[in-house]
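Trainee: I have a structure here, written as structure tokens, and I will follow up with some questions on it.
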Amino acid sequence: MTKNESYSGIDYFRFIAALLIVAIHTSPLFSFSETGNFIFTRIVAPVAVPFFFMTSGFFLISRYTCNAEKLGAFIKKTTLIYGVAILLYIPINVYNGYFKMDNLLPNIIKDIVFDGTLYHLWYLPASIIGAAIAWYLVKKVHYRKAFLIASILYIIGLFGDSYYGIVKSVSCLNVFYNLIFQLTDYTRNGIFFAPIFFVLGGYISDSPNRYRKKNYIRIYSLFCLMFGKTLTLQHFDIQKHDSMYVLLLPSVWCLFNLLLHFRGKRRTGLRTISLDQLYHSSVYDCCNTIVCAELLHLQSLLVENSLVHYIAVCFASVVLAVVITALLSSLKPKKAKHTADTDRAYLEINLNNLEHNVNTLQKAMSPKCELMAVVKAEAYGHGMYEVTTYFEPIGVFYLAVATIDEGIRLRKYGIFSEILILGYTSPSRAKELCKFELTQTLIDYRYLLLLNKQGYDIKAHIKIDTGMHRLGFSTEDKDKILAAFFLKHIKVAGIFTHLCAADSLEEKEVAFTNKPIGSFYKVLDWPKSSGLNIPKVNIQTSYGLWNIQSWNVIYQSGVALYGVLRSTNDKTKLETDLRACSFLKAKVVLIRKIKQGGSVGYSRAFTATRDSLIAILPIGYADGFPRNLSCGNSYVLIGGRQAPIVGKICMDQLAVDVTDIPNVKTGSIATLIGKDGKEEITAPMVAESAESITNELLSRMEHRLNIIRRA
């Protein structure tokens, strides 16, 4: 994901694009060459507005979303700017006689919604409408269909803009466009023009390997083609307006990808200045024309000379933007150094380590094997949204969850990978299985019949019980297993088993595991001998890959993906360089001075044997940190040193002794799982101290901990 990366190329071009927009409204070369001015203002400069749309889409639109907060914030901010701009330009509207028009109220509504109350303000309602359309299209139908729908809208707009002369001669189309023009003066608006650029911006952001060095040549070639085509359209006089061209799309696409090459320090000032300049250039255009020309008698210099006029407008606009930026900056309260995400306790998720583990496991598998990521229980406490939205871009396209509700959440996040539900789903929810295209595990013959009886087409995997004796068909149920292939509403897409003893290298356990493996492969022969296509085969266990790894199957990997073993004593046949992905941390919120003999916590479980410094951490067993680590059974790391847990761990807090650790203060970071200096506490170590396993420890976390993604 790229939303928080810094792209200085985009920041610099924002400023250039703002200057281009000023050029569109001031025609800087008109005094010297009408053709040159046309080329500059009607071929080169029009890339500016689509660039702004695409930039907004790049940082706003994503198929991976867990809510609409970013969209809401964007619309709220843009609406506020639009409202201020409308009020700011009322004097100019009065001067131009805007309020003397016929049908004033419906025209004001039309202008506010589509065209802007002053010509150049159309960009703001277009941004609001275009962002909303693009966001919901991508959310509901993914990029391919979203692009198709946005393209259709763009084509409709195209024939109401640059190609209007063609459709005007076709009576039915002319009627259609006349209806459109009763609602909006132009098709260059938030419905027809903006959505496709927002969609493309989001697609670029979500897509890996998007940079191409050949963009220099492509941009030059496309602009040459657009130059010829635009002059042709002008020559035949078929344009109603000149904002929308076919070649504008690939031109802005290549330009934007080129700008992504340039990384560096964020230029927040340039962003704000270019924004203010864009919205205020027309003010100074009017001021230069009216005030300077009439009061200072400089018409020949500031009005009749178009280039000087343009420079004056740009200069005045930039000065105003700098002043406004400085004023707003001085009035804006300074942000605290910490963020809300890390002000209490939090999990750090290292995405680089996650990708490393995926690559390591894939290399350990035979070439025909594939990886299915088990993301149940909030991806083993790592955050289901944070993890799954990272898996697809790095090439993991099979996911497994425990419940239907987990699967539905993934679909609502924007996940399009195959999702297998490992556990039971009530047959009464078959409609949801079908609607969200989830793959259901068939747990026995009776369940199979009930699911088919619901009347919804359901994709399913048959589970074979090879010794776990929980869910699944017996290896003796040949007829019942084969029956699944012939039911009307069940589409068998896979067969899998769950090895119950693959985590052990003891000879008797290895022998036990090998026996059901043979039975499982015997089951796989039944469909083949009956002339049926053998569906995908998968094995449910990380330890099956580590200790046996001899099949051409899909491996369901859970704990291995997250770089940990179940316990510190586990040994595996295959040694892999896996790296832990989650690190639990909390901030010191208070330091208490406890005199010798003083106590801390419930039941006075800790009594100080000396004058002590006790640090209070805002994390407890409600955050998933085990209560049986109380009273010195574990420790945390602060400043690279061990701080023992004292007293009983509470629901929301715990106390640690920092008497022997220098420079501990409020705000110091305590590491409960992770590395600090030369010291390290691993998840298996904490789990062992709590007399548990890593799976349980991690899956109990996340529910109210903030998750910070590090890449």
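The chain as shown is numbered from 1 upward.
Any Cβ shown, glycine's included, is placed from N, Cα and C.
The feature topological domain 'Cytoplasmic' is assigned by Swiss-Prot to 1-14, 59-78, 139-146, 210-241, 328-711. Here Swiss-Prot flags 15-35, 38-58, 79-99, 118-138, 147-167, 189-209, 242-262, 307-327 as transmembrane segment, drawing on sequence analysis. According to Swiss-Prot, the topological domain 'Extracellular' annotation covers 100-117, 168-188, 263-306, on the basis of sequence analysis. For 336-711, the entry in Swiss-Prot reads region 'Racemase'. According to Swiss-Prot, the feature N6-(pyridoxal phosphate)lysine maps to K376, an assignment based on similarity to another entry. Look at Swiss-Prot and you will find K376, Y602 tagged as active site, proton acceptor. For R470, M651, the entry in Swiss-Prot reads substrate binding site, with the evidence type similarity to another entry.
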Trainee: Where else in the chain does the transmembrane segment (38-58) make close Cβ contacts, counting only residues six or more beyond its ends and a cut-off under 8 Å?
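Mentor: Apart from its flanks, the transmembrane segment (38-58) reaches 2, 10, 13-14, 17-18, 20-21, 23-24, 27-29, 74, 123, 126-127, 130-131, 134, 194, 197-202, 204-205, 223, 226-227, 230-231, 234, 242-243, 245, 248-249, 251-253, 255-256, 278.
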Trainee: Quick one: do the transmembrane segment (118-138) and the transmembrane segment (307-327) reach 3+ CB pairs under 8 Å, ignoring pairs fewer than 6 apart in sequence?
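Mentor: Contact absent: fewer than 3 Cβ pairs fall under 8 Å.
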Trainee: Do you know offhand how many angstrom separate R470 (substrate binding site) and K376 (N6-(pyridoxal phosphate)lysine) by C-alpha?
Mentor: 18
Trainee: Residue list, the topological domain 'Cytoplasmic' (59-78) vs rest of chain: Cβ under 8 Å, 6 or more residues beyond ends.
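Mentor: For the topological domain 'Cytoplasmic' (59-78), the nonlocal Cβ contacts are 1, 3, 124, 127-128, 131-132, 134-135, 138-139, 142-143, 198-199, 201-203, 205-206, 385, 389, 412-416.
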Trainee: Summarise the model confidence on the topological domain 'Cytoplasmic' (59-78) as a single mean pLDDT, whole number.
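Mentor: When the pLDDT values over the topological domain 'Cytoplasmic' (59-78) are averaged, the result is 88.
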Trainee: To the nearest whole angstrom, what is the C-alpha distance linking K376 (N6-(pyridoxal phosphate)lysine) and M651 (substrate binding site)?
Mentor: 24
Trainee: Fewest neighbouring Cβ atoms within 10 Å: which of the recorded positions K376, R470?
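Mentor: If we count Cβ atoms within 10 Å for the recorded positions K376, R470, the smallest count is at R470.
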Trainee: Are there any residues at least 6 positions away along the chain from M651 (substrate binding site) with a Cβ closer than 8 Å to its Cβ? List them or say none.
Mentor: G620, Y621, A622
Trainee: Provide the three-state DSSP residue tally for the topological domain 'Extracellular' (100-117): helix first, then strand, then coil.
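Mentor: Taking the topological domain 'Extracellular' (100-117) as a whole: 13 helix, 0 strand, 5 coil.
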Trainee: Given a Cβ distance threshold of under 8 angstroms, which distant residues of the chain, six or more beyond its ends, lie next to the transmembrane segment (147-167)?
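Mentor: Tertiary neighbours of the transmembrane segment (147-167) are 133-134, 137, 141, 173-174, 177, 180-181, 186-189, 191-193, 195-196, 199-200, 203, 230, 233, 236-246, 249.
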Trainee: What are the non-local neighbours of Y602 (active site, proton acceptor), defined as same-chain residues 6+ apart in sequence with CB under 8 A from its CB?
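Mentor: Set apart from Y602 (active site, proton acceptor) by at least 6 residues yet with Cβ under 8 Å, we have G647, K648, C650.
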Trainee: Could you give the residue numbers and ranges of same-chain residues that sit at least 6 residues beyond the topological domain 'Extracellular' (168-188) on either side and whose C-beta is under 8 angstroms from one of its C-beta atoms?
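Mentor: Result: 110, 113-115, 122, 126, 156-161, 240-241, 243-244.
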